[in-house]
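What Swiss-Prot annotates here:
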BINDING   ARG8, LEU9, SER10, TYR11, ARG66, TYR123, ARG127, SER131, ARG193, MET194, HIS195  substrate binding site
BINDING   ARG61, THR62, VAL63, LEU64, LEU65, ARG66, PHE76, THR77, LYS83, GLN105, GLN141, SER142, TRP187, ARG197  FMN binding site
REGION    126-146  region 'Disordered'
Amino acid sequence: MTDLSTLRLSYTHGELRRADLNADPAQQFQSWLDAALRSGLREPYAMSLATADREGRPSVRTVLLRGIQDGGLTFFTNYESHKGHDLTDNPQAEVLFFWAEHERQVRAYGPVERLSSEDSAAYFHSRPRESQLAAHASDPQSAPVSNRAELETRLTALHERFAADQEVPCPEFWGGYRIQVQEWEFWQGRPNRMHDRFRYRRNDAGWHIDRLMP
């Protein structure tokens, strides 16, 4: 087995100074995300979403960021999934983006609210038809399924149920969430673990920025 304790990299890609930061953290995030997109990183809009149930048991998974609205981060999922139940019982979450090639990381935390059914349906109908059918087939998400064949059978039945020219309805159990971000952290890797870290915290005046110990 590889001795992981010997594996390390020196981060030399860049630096992050207070003077470089946008006063609006959502704009700062957008600039970093745009840089990741321009450089051709694979799915730089993928984020690790951490939630916790009513007992405080945490869970984490990867979801796709689907928009930035009024400084909030939006994503879509099955409301009956594990994360959906977590967010019903404990409507707060933290997400993390890590762009290894840029030696950058962003964390964002805040309370979570559901999007309107109209906004959820609009996004649902923008998705490929096969993805729309798959959302129906995989309900309830995270529930045990006996085998792959059962899942494929359900998808086949949905193809028969909805003709090719028939609109697939957005399920009531599926839709979007918005994280109303109250705290952001931007991390830039630096040599010898002397990283640059800045935290934005919302206050009555807007946003307060602190440099953090690495």
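Each Cβ is built from the backbone N, Cα and C atoms, and glycine gets one as well.
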- Message: On the three-state reduction of DSSP, what should I expect for ARG193 (substrate binding site)?
- Response: helix
- Message: Counting other Cβ atoms within 10 Å of each residue's Cβ, which of the binding-site residues ARG8, ARG61, LYS83, ARG193 comes out lowest?
- Response: ARG8
- Message: Under a three-state reading of DSSP, tell me whether ARG61 (FMN binding site) is helix, strand or coil.
- Response: strand
- Message: On a C-alpha basis, identify the one among ARG61, LEU65, GLN141, TRP187 that is nearest to ARG127 (substrate binding site); the candidates are the binding-site residues.
- Response: LEU65
- Task: Report the DSSP secondary-structure composition of the region 'Disordered' (126-146) as helix, strand and coil residue counts.
- Result: 9 helix, 0 strand, 12 coil
- Would you kindly give the Cα-Cα distance separating VAL63 (FMN binding site) and HIS195 (substrate binding site), rounded to the nearest Å? 27
- Note on the structure: In the same chain, residues at least 6 away from the ends of the region 'Disordered' (126-146) whose Cβ sits under 8 Å of its Cβ atoms read 77-78, 80-82, 84, 154-155, 158-159, 162, 168, 170-171, 173-174
- Structural state of ARG8 (substrate binding site), classified by DSSP into three states: coil
- Query: In terms of Cα spacing, which of the binding-site residues ARG8, SER10, ARG66, ARG193 are within 10 angstroms of PHE76 (FMN binding site)?
  - Reply: ARG66
- Query: Which ones in the same chain are close to VAL63 (FMN binding site), with CB under 8 Å and 6+ residues apart in sequence?
  - Reply: ALA46, MET47, LEU49, PHE75, THR77, LYS83
- At its widest, how many Å does the recorded FMN site span between Cα atoms of ARG61, THR62, VAL63, LEU64, LEU65, ARG66, PHE76, THR77, LYS83, GLN105, GLN141, SER142, TRP187, ARG197? 37
